There are 2 protein chains.
Amino acid sequence: MIDIRPVANIIGWLLAALGMIMIVPAIVDFWAGNPDWRVFMISAFITVVAGGLLILATSNAQGSGLTLRQSFLVTTLSWTVLPVFGAIPFEMALEHVNWTDAIFEAMSGITTTGSTVFTGLDAMPPGILLWRSTLQWLGGLGIVLVALIFLPVMKVGGMQHFRSEGFDTMGKVLPRAADISWMLLQIYAGLTILCAAAYVLTGMSVFDAVNHALTTLSTGGFSTRDTSFALYDSAAHWVCVIFMWLAGLPFIRYLQFINGSYRPLFNDIQIRAYFRWTLYAIGAVFAYRLLREDTAVEGMFRESAFNVVSMFSGTGFGSADVSAWGDFPILVLVVAGFIGACTASTGCSIKVFRYLVLFEAIKAQLKQLVYPNRVIPLHLDGRRLDEEVVVSVVVMFTAFVVGFGVLTVLLSLAGLDMRTAFTAAWTSICNVGPAWGSEVGPTGAMNEFPVFAKWLMIGAMMMGRLEMVAVLVLVLPRFWRG
Amino acid sequence: MIDIRPVANIIGWLLAALGMIMIVPAIVDFWAGNPDWRVFMISAFITVVAGGLLILATSNAQGSGLTLRQSFLVTTLSWTVLPVFGAIPFEMALEHVNWTDAIFEAMSGITTTGSTVFTGLDAMPPGILLWRSTLQWLGGLGIVLVALIFLPVMKVGGMQHFRSEGFDTMGKVLPRAADISWMLLQIYAGLTILCAAAYVLTGMSVFDAVNHALTTLSTGGFSTRDTSFALYDSAAHWVCVIFMWLAGLPFIRYLQFINGSYRPLFNDIQIRAYFRWTLYAIGAVFAYRLLREDTAVEGMFRESAFNVVSMFSGTGFGSADVSAWGDFPILVLVVAGFIGACTASTGCSIKVFRYLVLFEAIKAQLKQLVYPNRVIPLHLDGRRLDEEVVVSVVVMFTAFVVGFGVLTVLLSLAGLDMRTAFTAAWTSICNVGPAWGSEVGPTGAMNEFPVFAKWLMIGAMMMGRLEMVAVLVLVLPRFWRG
Ligand SMILES: [K+]
Ligand SMILES: [K+]
């Protein structure tokens, strides 16, 4: 049996923190004269008490450190328990919102997916809007920490490749995980403040700027507007493009950058591939539209860049009705979403690193076919790729692909049309945000989806965010034994 | 440099054989009083002469055996050169058919895909219809021989797992490849004759019965009717279900069965999984329709079984308008097509064996995550799975998935609607046959597809049939060097 006390202890602390943060929207609503401040105070109270009780009940377990299995449990439980408590304000404040919708929205927030079941965002009280954005910002921070601290040790999706990069290399400068986390928080908060300031300069209101900055840096994609970015100025679009793209870079590079190592940021093979592929995708969409449409070139280029970067980074903001561009641009966007940004960013999906490993594996396999008796070692960026990393990556890729297929079929069984089922499966497993199809509302909301479909997506968002295998390992009976 | 003379020599012999076989439709057309017999005789002459010249030019290379690289070259060239010559009768006999369409049809034949660009099949002369069916039958025989003789040595898609099963185990009984090929031909022909006889018993005309038997055992799916199987009796449907399913079994098991080893056929883990999965898929489609439709139960069950087995085996016959059943049944059919039947059958796609290996790899990886320091060997059916086999399988799977994604995007760029692009990419890479979407004609024909889309599909059918990697290896520059 696993000792779950240290796990419960951490969940307790996370809940207590989440409850404390709920006071921020309470203050905003109080200040705006909105009665919802009571809801947030009650939710904060419930969450802090629940967290406090967990901490008290498990206080004897503190300081004992986590085993490997406990790490797996902490990761999955964090992304299961926190959304439930994060959903309390939605359920209490909005009368037409039931528990399914509230948990959907909170899970979509914490996993930085950005799919929404809410409509009429423009008329919503500021506290609720801020809470949605805050959940995404916290979820983005959380996933970067998990990717830096847990995944390399858990060896999920080939992340052990970065083991020596994270704490070991950094170790000379920053000996402890708490230090890294603290620096990371500063970088993440700093970028968010920069982004918000830039939005304000483009003419966005301070409230909108803060919310969109929170959901840009987390590649979350929740907006305070039903029309997402379509309403804003072209300057705001470019600010968004830049920060969405930056949010897709490995945050460890920013840490190194700030500590005086500039080269890793510019020499990272993953960042370079991400840069090239983004340009190719923008070029393909822009060229296609240029040949077929007769609208202003600047707008066409900006919209192409905005929506490609939005999908590639997994943010999911929209600036235009992309479904009017034709099927080829949409497919490019879908493929971009299936790729995703860099590892250890706030971005999601399979990620550039894993495609680089897959392509290396295919190349090596083809060479192997020509030289059957030669040992062909795999390299990435001059560094040896462990066989273990390759297997780990292909297993994660296979789990993603098979999971996507199964989810599409199940969503269709739940009653969604094929196009909706396909894009909803994609958007939830890859944590992108938008979906297209007849059941999707005019503002992109998924409130009309059947309940069963919503729950399937809730599960898929969570599994996709934790790179599938980190959750699947819990279904092994032997995980719980001995 | 590779010595291509032995390769050209084999291609020469194959062309000569193909040319001789063209005399059969010539005789049929002559007997039916159709002027096309001249076309077939001219085509036969051209093909035999081309083959003969190749044989003569390379006669000094005979008997030298094939190196590994020559084996790769023979495989890809067979599925490239033969379709071109096989297309000659189509181009010459049918005036509205250009080279693109003729080669599409011949490639769809030899790869046993079964997609067609021809309409008005019911009114077509018998020689042309028989030639289409014959191409599929030959392609089916060819791929089983390749799977038994070449792929295990070429180590494509993990087929080295079966190395000891084919010639080594059988070696005690049948020492030479020629013997196996001969026995295989007898089994394949025997099953085809059985199938044709059964069709005749259900009331099908002898001509239709022979043609459909040729395309059933090859899991090809060309029909002599625009409406495919919808016209025929329910007994014909059941005969077809049985033989399509049997065509999806590993032919090596039939060889063993005939040689007195009955157990391998019934104990094969791949066959058992294929059996179970087929039943699950039929059950899912049937149950879904039962709950939603108000038609006769027998017909509903028969149609469900027919179309599921048709897609799972990769045959592609149709007995009903499946798009009217709703999106869930179609997705089940699409998933079945992505799975495919057993290795070393005439069936196509990724195949059950590879999914079994992938699932084992995922299970082993999850165990590895729990026990990071333990060595976890992979087993399939009590037999050790080589790491090499696993890597080979996942690389083939990845190549299929990435290839499918790229092809869908390119087909959409060629001008196809998203649904059409998606199903056309699926049907050509998985060699299934049908596609759904606005550009597909009322009889399922793809004659209205843009020329670029047709050529993309021609390439994809060939690559899919040769399990992707067997073709991709030719693009390595070092394949041609040294
Ligand atoms: K997102
Ligand atoms: K077929």
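Even glycines carry a Cβ here, placed using N, Cα and C.
Remember, it's a predicted structure, so these values are computed and weren't measured experimentally.
According to TrEMBL, the protein carries these features:
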TRANSMEM  B:7-28  transmembrane segment
TRANSMEM  B:40-59  transmembrane segment
TRANSMEM  B:71-90  transmembrane segment
TRANSMEM  B:134-154  transmembrane segment
TRANSMEM  B:180-201  transmembrane segment
TRANSMEM  B:235-252  transmembrane segment
TRANSMEM  B:273-291  transmembrane segment
TRANSMEM  B:330-353  transmembrane segment
TRANSMEM  B:389-414  transmembrane segment
TRANSMEM  B:455-476  transmembrane segment
Non-local residues, at least 6 beyond the ends, that sit with Cβ under 8 Å of the transmembrane segment (B:7-28): 36-37, 40-41, 43-55, 57-59, 61-62, 66, 70, 73-74, 77-78, 81-82, 85-86, 89, 126-128, 130-131, 134, 138
Cβ-Cβ under 8 Å with the transmembrane segment (B:273-291): same-chain residues at least 6 beyond its ends: 245, 248-249, 297, 300-301, 304-305, 307-309, 312, 325-326, 328-329, 332-333, 335-336, 339, 341-342, 352, 355-356
Beyond the flanks of the transmembrane segment (B:134-154) by at least 6 residues, Cβ under 8 Å: 18, 21, 24-25, 68, 71-72, 74-75, 78, 86, 106, 109-112, 114, 160, 162-163, 166-167, 177, 180-181, 184-185, 188, 192, 214-215, 217-222, 247, 251-252, 343-346, 348, 465-467, 470
Chain residues in Cβ proximity to the transmembrane segment (B:40-59) (below 8 Å; excluding those fewer than six residues from its ends, i.e. six or more beyond): 5-6, 8-9, 11-20, 22-23, 25-26, 29, 85, 88-89, 92-93, 127, 131
Paired segments the transmembrane segment (B:71-90) and the transmembrane segment (B:455-476) in contact, 3+ CB pairs under 8 A: yes
Per Cβ pairs under 8 Å, the stretch of B:180-201, B:235-252, B:455-476 packing most closely against the transmembrane segment (B:389-414): B:455-476
Residues from the same chain, set at least six apart from the ends of the transmembrane segment (B:235-252), whose C-beta lies under 8 A from its own: 140, 144, 148, 162, 165-166, 170, 184, 187-188, 191, 194-195, 198-199, 201-204, 212-213, 216-219, 229, 264-265, 268, 270-271, 274, 278, 302-303, 305-306, 309-310, 312-315, 317, 319, 340-347
Outside the transmembrane segment (B:455-476), six or more residues from its ends: residues with CB under 8 Å to it: 72-73, 75-76, 79-80, 83, 100, 103-104, 107-108, 111-113, 115, 139, 143, 146, 151, 154, 156-157, 348-349, 395-396, 399-400, 403, 407, 410-411, 414, 424-425, 428-431, 446, 449
